[in-house]
Amino acid sequence: MSWITEYVRPKIRGLLRREVPDNLWTNCESCGQMVLTKELHKNLNVCPHCSHHMKAPVAERLAWTFDNGVFTRIELPSAPIDPLNFRDQKKYTDRLKDARSKSHVDESLVVAHGTIGGHPTVVAVMAFEFMAGTMGAAFGERFVAAARLAVLQKSPLVIFTASGGARMQEGAISLMQMPRTTIGVQMLKEAGLPYIVVLTNPTTGGVTASFAMLGDVQIGEPNALIGFAGPRVIQDTVREKLPEGFQRSEYLLDHGMLDMVVSRKDMRETLGRLIGLLTSAPEGITAPPPPAPEKQPAAPTAAE
Ligand SMILES: [Zn+2]
């Protein structure tokens, strides 16, 4: 034994074995480049090489959206858990438990209020990290609560969507959330409050078929997949090759489904400007009076 085996070698091994955290680098799923995770967070989860907008967890999304990252999350009502007592390979209640511990959110919709560009606003964010952002009874309950809060505060509602659609573990009950959330949107329209939808990658299924397409302003994040059925399903059904960029934000903007495509770094400013335009009437202009109730046609008289 020499000093090399006894002293130098273990020292070198110790140096080589130094723990490297496995989330130090993130691989961009679009261009394949490695990005330092810390840098990626600073860049709002947008790849600095190809501008690909990666998924955004709820907490970050809220912090990026409100002025100075300051907001208050609201307590949300609960809904019956597992109404159908559903089980596939796993119990639905166990899936919910797993999702809660992995995602650090308790359901697929989180609601907060604060200011955007100085305007009080309610913001709802769909958590894709919670069971792919699927919509069940609890989601519907929360969406209506967000709409109620906006009406109560007389402030606009902004929702960031990210979803795989209705939650199949709740069967028809999940589909009932489509009209339910539509009623929530209607509450805002009746109160004359703006409802702005920001569609992020991916927004599909029953979510696209309901509240996500009813915004006064429809905004898409760049290159987000937005549609009802996925492109592969459509291609297999129509047996035709789909056009380039089909169901992506820019394609939908060209075809009139979106009003604008806004990159993440410009989102807060754009939302602030839009809310300002939609909520403040220029001086001297007042809202038009409500339409007079329609006159009932006179009932035909017996003499006629
Ligand atoms: Zn990239």
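For all residues, glycine too, the Cβ spot is worked out from N, Cα and C.
According to TrEMBL, the Zn(2+) binding site annotation covers Cys28, Cys31, Cys47, Cys50. Marked as compositional bias 'Low complexity' by TrEMBL: 295-304. Annotation comment: TrEMBL describes 24-293 as domain 'CoA carboxyltransferase N-terminal'. Residues annotated as region 'Disordered' in TrEMBL: 282-304. The zinc finger annotation in TrEMBL covers 28-50.
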10 Å Cβ neighbour count around Cys47 (Zn(2+) binding site)?
20
Radius 10 Å, atoms counted are CB only; among the binding-site residues Cys28, Cys50, which position scores highest?
Cys28
If you count Cβ atoms within 10 Å of the Cβ of Cys31 (Zn(2+) binding site), leaving out that atom itself, what do you get?
12
With helix taken as DSSP H, G or I, strand as E or B and everything else coil, how many residues of the zinc finger (28-50) land in each class?
6 helix, 4 strand, 13 coil
Mean pLDDT across the zinc finger (28-50), rounded to an integer, is what?
96
